[in-house]
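Record features (TrEMBL):
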- D124, H164, D172, K368, H373, T415, N454, A455, R486: substrate binding site (BINDING)
- E256: active site, proton donor (ACT_SITE)
- E453: active site, proton acceptor (ACT_SITE)
Amino acid sequence: MTLTLQLSTSFINLKETKGVKTLDNFLGMVSFAQTKPSCRLVAKSSMQEDQLSHDNIMEGRKIEKREKLHGLTTTHSNSSTRVPVFVMLPLDTMTMGGKLNKPRAMSVSLMALKNSGAEGVMVDAWWGLVEKDGPLKYNWEGYAQLVKMCQEHGLKLQVVMSFHQCGGNVGDSCSIPLPPWVLEEISKNPDLVYTDKSGRRNPEYISLGCDMLPVLRGRTPIQVYTDYMRSFRERFNDYLGNVIVEIQVGLGPCGELRYPSYPESNGTWRFPGIGEFQCYDKYMIASLAAAAKAAGKDDWGKGGPHDSGQYNQFPQDTGFFQKDGTWNSEYGQFFLEWYSGKLLGHGENILAAGKSIYQGTGAKLSGKVAGIHWHYNTRSHAAELTAGYYNTRHRDGYLLIARMLAKHRVILNFTCMEMRDGEQPQSANCSPEGLVRQVKNATRIAEVELAGENALERYDEEAYSQVLATSRSDSGNALSAFTFLRMNKRLFEPRNWRNLVQFVKNMSEGGRNAELPERDSSATDLYIHVGFIKKSLSKKTKEVTLV
């Protein structure tokens, strides 16, 4: 009998899994069609030691320049600390009915990940699925099945309390809106969501302007998020701290602590546009007016900056963000302190609730910060400002965020760890490397743990090499964990899988071995994975097909 495995856009899909109970059982069935049965597996790499050494030297020089620019100081030391690697599960891991999608295929995929050496996986616990049927009506059954499956395979789990919509952002492959009863409230009161100066409403996330107002059928948004997290704790209390090792608390669009200043849906924003301020719903305007009145500047409270441009403009095309623009005036400083301060307060309120709920469970808390690296090399850092990060040539906005997270012992999870400056268009004034170094330094000063993610789906050796370099404590803080984006059919392609396996091994060694070996002649467990074992069976051939 032939066993055929198919890969969907998300993960391995089994046509037949009867009798497959353990990883050893499964691997015993795996073979590839062979033209030369005796050939060995060969993995070639472009990450050579001399290139890595050159990159490290160049990175050191860039560090010096950026630190002088921001007035930063760092301690340089070599770290051999193990960095556990998690892998993000597909966005559609749960069906719209709240059930685990393709459970047999998921089980085999998890077996493969376990054998790769990965520490565990990350999954979004979508608000729009769990509390879909009405206020305080939670359906955790699909997640319960996944948690048990992870436990059976010896994998740890990071769970994201995803209070945002899925769809409309980079990498979103499916659509999961906010709960229907929440959308009903939004239809009655459109000011519940973020609004730009042109009146565009963004349904990704509830506006932080109404955090403390009972606008969701008698509950405030903070109360709704708190009740949701408490329900999760009650349902999974026995798994917290052993299987479920981390709760990432959703803080905004894409789960990140930011405003939805660069929405891709309907072509509103395109990289590397500066984005727009999101402060025009009636609740944000009321807050701004109150702040302006308290400052004795009533005229400053009527709306955001009039000269801040449009989504797809560059800093120099605006009065606010240009080299010596309004951003650096008394008014600009007032507005940016209010705008970023509201965001910090929002994060503080949700994380304080999360801390009160999960403290003592053994599960760590984390919060995600976006890696907005475009226009980083300008004075105003326009794209960061519209997103709510008051970080400029003269001000370190990430240190404030890191200290807020440290207050609640929350891990700072940061993106764009795989990006290099040289890969970016010069016109966009990008510096993901400089941004990562600044954030690493901020977390070191604030004494808060730093974890990382890749911002884009990449499976190449260069991206892995960059993550390895940034995972160490050569500048600022070392990574406590890394979550790879994401598990799908591309990940299981031979070269991509081989690269992931070696990356996981390198991270487990503290990034000391950054080179993929040319040949593995010892048949180590490192190469016994789905799609990488060539085994002849004397009578019955069982095949795995990756599509």
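Glycine is no exception: its Cβ is also placed from the backbone N, Cα and C atoms.
Structure with TrEMBL features highlighted.
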| residue | record | Cβ contacts under 8 Å, 6 or more apart |
| --- | --- | --- |
| D124 | substrate binding site | L89, L91, T93, V160, S162, C166, G255 |
| E256 | active site, proton donor | K368, V369, A370, T415 |
| H373 | substrate binding site | C416, M419, Q424, C430, S431, P432, G434, L435 |
| E453 | active site, proton acceptor | M88, K368, N413, F414, T415, M417, F482, T483, F484, L485 |
| N454 | substrate binding site | T415, C416, M417, E418, A463, V467, F484, L485 |
*Hey, what's the Cβ neighbour count for R486 (substrate binding site) at 10 Å?*
21
